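The structure appears below as structure tokens.
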Amino acid sequence: TSKRPGPLAISSSYSFFSYLVRPRHKEEVVLWMNTVGPYHNRQETYKYFSLPFCAGNKKTISHYHETLGEALQGVELEFSGLDIKFKDEVLQTTYCEIDLDKAKRDAFVYAIKNHYWYQMYIDDLPIWGIVGEADENGEDHYLWTYKKLEIGFNGNRIVDVNLTSEGKVRLVPNTRIAMSYSVKWKKSDVKFEDRFDKYLDPSFFQHRIHWFSIFNSFMMVIFLVGLVSMILMRTLRKDYARYSKEEEMDDMDRDLGDEYGWKQVHGDVFRPSSHPLIFSSLIGSGCQIFSVSFIVIIVAMVEDLYTERGSMLSTAIFVYAATSPVNGYFGGSLYAKQGGRRWIKQMFIGAFLIPAMVCGTAFFINFIAMYYHASRAIPFGTMVAVCCICFFVILPLNLVGTILGRNLSGQPNFPCRVNAVPRPIPEKKWFMEPAVIVCLGGILPFGSIFIEMYFIFTSFWAYKIYYVYGFMMLVLVILCIVTVCVTIVCTYFLLNAEDYRWQWTSFLSAASTAVYVYMYSFYYYFFKTKMYGLFQTSFYFGYMAVFSTALGIMCGAVGYMGTSAFVRKIYTNVKID
């Protein structure tokens, strides 16, 4: 009886050294044991030897985390102790024996009942195997004891690895179970640079539904841009004509005339927003998240980041730290325009807003991971490294950006003067209230991305490698255009109702997309996955909250920036007394 796991992918890599050093005949090939855990809970992983497996008697090799991303993602490579040499075939050989007492049997039975499977690496190629299986009645449990490795090589490169699990042995207390392995080498035509292609799933990611959703979103963009252009150009032309007509009236006619519309709030529209310190910090952080998303997607399109363990996370951390001046520039300049004086406090809040949110969530989940003894528990040294990046890289770069922003574009050069006394906001219909506009503003942006959300969620929470970053870039562009169009229309209606509180409204109406994404994550959890347990559930909802909040801040900043340009434009083109 044999069971071969399919080419499902969790993470994979080929290290920098594999480009420099090619294995020679009979040179050692290391089989690393990574983690073991329940199939349905992808993030709930433990060290391979936390189950009572035995190791081969070859001398131990220690492994260190090659990158920060690898450490944060809970990669725990341990040497298997198996003696494998390049192109050297090994017939079935026993490498160790397990003395199966009651405690060890219970551990294996628990693992089999929960569908535990393990991951290994040979030359940075991932391999998966299952721990064992139960009979149909669920009374007897069996352990797979024979690892049959088939390794493909092209020249002096390992390009393919397959594992077949055999040797089904019933778990009976107080017995000895012999663990064995064999290695077979075969020539392969697969090129070294194409060796990860077998882990990709084109039938899933390039399905017609994916193409249709992109086309659908693209048509929505064309429709929205056309609608916004038509409505605003026609309406604004009428508004300008009416206002220029009013200019020609004498004072008596103007006083008797029925003045209304967005021109009436020209003395208040550029009034600083409430809580300018928090607002400018959010805008700066949103601009930085957009920059990070844009750059990381471009890097992922150019480089195959999925081929290296933790490389996507490492790239995102590096790019986030490097783009800190963007945060400081936009946050600092906006705060200066709004007349803020506590700019150092604003800089600190802007710099640490996102890191504090991410680290706070990670810290909470880390406690649960430590309680579970999971491999996802972040080592203390890694925590210190992340804190050092925050204080010694992100903060100084943010300071540079803030100083540049305040000095280069911190002057409040608004097209209209701000009145000393705020104008009272008139009564308006319920659907024109900012709260209603905020709730409705996120529906269309969410509609343009929710199919892509399914593919992204599946690649992160299930066993797929996301590699279609061209799709992701298109969706990001579509999301930004839809968000800007929606917030401009919302702001126009708000100003037309003579309500000048457009800054927070434009930000929150765009940011409300995040609420719909988080609501979708609940649907995905209950209907698309079979996750269970405190650790996996807290991990899922904790990091989905972080993802949704970051997406909301980014959408809010994009919406505000687009709306701000629109507001400046319309008030520049109208004559003000």
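Note that Cβ sites are derived from N, Cα and C of the backbone, with glycine treated the same way.
The transmembrane segment annotation in TrEMBL covers 209-232 (among others). Residues of the same chain lying 6 or more positions beyond the ends of the transmembrane segment (209-232) and with a Cβ under 8 Å from any Cβ of it are 444, 447-449, 451-452, 455, 468, 471, 474-475, 478, 481-482, 485-486, 488-489, 492.
Summarising the annotation, TrEMBL assigns transmembrane segment to 277-301 (among others).
Residues 67-70, 72-73, 276-277, 279-281, 283-285, 287-288, 291-292, 295-296, 299-300, 305, 343, 346-347, 350-351, 354, 386, 389, 393-395, 397-406, 408-412, 557 of the same chain lie 6 or more positions beyond the ends of the transmembrane segment (313-336) yet place their CB under 8 Å from a CB of it. The feature transmembrane segment is assigned by TrEMBL to 313-336 (among others).
The list of residues near the transmembrane segment (348-372) in space but at least 6 beyond its ends in sequence, with Cβ under 8 angstroms from a Cβ of it, reads 44, 46, 277-278, 280-282, 284-285, 288-289, 320, 324, 327-328, 331-332, 378, 386, 390, 394-395, 398, 402, 534-535, 538-539, 542-543, 545-546, 549-550, 553. Per TrEMBL, the feature transmembrane segment maps to 348-372 (among others).
Annotated transmembrane segment per TrEMBL: 378-400 (among others), in sequence order.
Look at TrEMBL and you will find 435-457 (among others) tagged as transmembrane segment.
As annotated by TrEMBL, transmembrane segment applies to 469-495 (among others).
Marked as transmembrane segment by TrEMBL: 507-527 (among others).
Residues 43-44, 282-287, 289-290, 293, 330, 354, 357-358, 361, 364-365, 368, 376, 441-442, 445, 461, 479-480, 483-484, 486-487, 503, 506-515, 517-518, 521, 525, 531 of the same chain lie 6 or more positions beyond the ends of the transmembrane segment (539-561) yet place their CB under 8 Å from a CB of it. Under the heading transmembrane segment, TrEMBL lists 539-561 (among others).
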Leading contact stretch, 277-301, 469-495, 507-527 vs the transmembrane segment (435-457) - CB distance under 8 Å: 507-527
For the transmembrane segment (469-495), sequence-distant contacts whose Cβ falls under 8 Å of one of its Cβ atoms, 6 or more beyond its ends: 205, 210, 214, 217-218, 220-221, 224-225, 227-228, 231-232, 235, 262, 265, 269, 290, 293-294, 297-298, 300-301, 432, 434, 437, 440-441, 444-445, 448-449, 452, 455-456, 501-502, 505-506, 509-510, 513, 555, 558-563, 566-567
